[in-house]
Amino acid sequence: MTPSAISPVAAGWIRRWLILMALMVYAIILVGGATRLTDSGLSITEWRPVSGALPPMSEAAWLVEFEKYRATTQYQLTNAGMALSEFQFIYWWEWGHRQIGRLIGLVAVAGFAFFAWRRWLGQGLGWKLVGLIALGGLQGAIGWWMVSSGIGETERVSVAPYRLMTHFTLALLILAVIAWLWLDLGRQQRAGAPRAAQRAAMALMGLIFVQMAAGALVAGLDAGRTYTDWPLMAGEVFPAHYIHAELGVRSFFEGREATQFNHRLLAYGLWAGSLAAAWAFRKTDVHREFAFLAVLVSAQAVWGILTLVNAAPMGLALVHQGLGVVTTLWAVYTVWRAGGPKTVAEINPPA
């Protein structure tokens, strides 16, 4: 086997492994969303990647963890008087989120080691997978960086919204890389669509990533539970407190009015852009991809409005987040499909 060639059998198993990791990343994104919505993210005050895999196993151990949480600003300002059973509820959400992260790391490293041992990895793919695993390690570190913003000497009762945005956006990037590698190892051919279609697909994908990041800011500030009228905001087209004097430019990241207004504005632009692209490229080889992307964006926009006017209850908010991830993945597929024919044959044709 040449360094750049991968057998069909190897490609099939690697794709199954990538699908498993994609499902696990999707699951951790949803569990992370639930952790945020239940304000559980600060319940574990230490970063113990290995020893933290075991939860408290006795009442005494639970009381030790509870005492650590009682030292946080979140407990003192918002959860004072919380019962142990209530603490256990939020603890399990955060522990579960971290545990899925550990499992993803194990599956990633074990799978890579097995494929390398079998010599199933071409040189190019091997380095790409090393990069993917490195991104996963970075994501774990960023997760703690995010949590640490609400622990210790701080006035925060939740994690810093821009750190939450970074953590969430990197999870999307990891999922996008997994999807791209999975597509590259498949037998479906790229369409080689007109340059205009390729540029439009790239623009829509980029805008979707920006919109998802903006949504993370809204979530981090609970901004979706403050201005719950639509299409206006507190009866105004443009919110009066878009810029807070005490925040200045930080209003774009820390102001509820600015983050929600920007999220709405991006949604309108993305909605119009996806419909325009579906119409403009209706006679190309990627018309189905653009059409379905427009359907997903439309569904996400409508569901977002429904979530907003109901003050973002957990069920609606999680569906909104999950559908957003699916929309992002379809945008990645649209970019991949619209691109030129494969230039590096990584799959050997059957004998």
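Residue numbers in this text run from 1 along the chain shown.
Positions of Cβ are set from backbone N, Cα and C atoms, glycine also.
Residues or ranges marked as transmembrane segment in Swiss-Prot (evidence: sequence analysis): 17-37 (among others).
Annotation source Swiss-Prot lists transmembrane segment at 103-123 (among others).
Sequence annotations record features per position, and here Swiss-Prot assigns transmembrane segment to 129-149 (among others).
Residues or ranges marked as transmembrane segment by Swiss-Prot on the basis of sequence analysis: 164-184 (among others).
If you look up Swiss-Prot, you'll see 201-221 (among others) marked as transmembrane segment, on the strength of sequence analysis.
Per Swiss-Prot, transmembrane segment is recorded for 261-281 (among others), and the stated evidence type is sequence analysis. Packing against the transmembrane segment (261-281) from elsewhere in the chain are residues 193-194, 196-197, 200-201, 203-204, 207-208, 210-211, 214-215, 217-218, 223, 233, 238-239, 242, 252, 287, 290-291, 293-294, 297-298, 301, 304: each is 6 or more residues past its ends and has a CB under 8 Å from a CB in it.
DSSP assigns HIS263 (heme binding site) to a helix. Residues or ranges marked as heme binding site in Swiss-Prot (evidence: sequence analysis): HIS263, HIS320.
Here Swiss-Prot flags 289-309 (among others) as transmembrane segment, drawing on sequence analysis.
Residues 26, 29-30, 33-34, 37, 172, 175-176, 179-180, 183-184, 190, 198, 201-202, 204-205, 208-209, 211-212, 215, 219, 224, 286, 289-290, 292-293, 296-297, 299-300, 303-304, 306-307, 310 of the same chain, all 6+ positions outside the transmembrane segment (316-336), place their C-beta atoms under 8 angstroms from a C-beta of that stretch. Under the heading transmembrane segment, Swiss-Prot lists 316-336 (among others).
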Chain residues outside the transmembrane segment (129-149) and at least six past its termini with a C-beta under 8 angstroms from it:
41-42, 44, 47, 49, 98, 101, 104-105, 108-109, 112, 115, 121, 156, 159-160, 163-164, 166-167, 170-171, 173-174, 177-178, 181
For the transmembrane segment (164-184) and the transmembrane segment (103-123), decide whether they are in contact, meaning at least 3 CB pairs lie under 8 A, counting pairs 6 or more apart in sequence.
no
CB contacts for HIS320 (heme binding site) [other CB atoms within 10 A, all chains]:
21
In three-state DSSP terms, the structure that HIS320 (heme binding site) belongs to:
helix
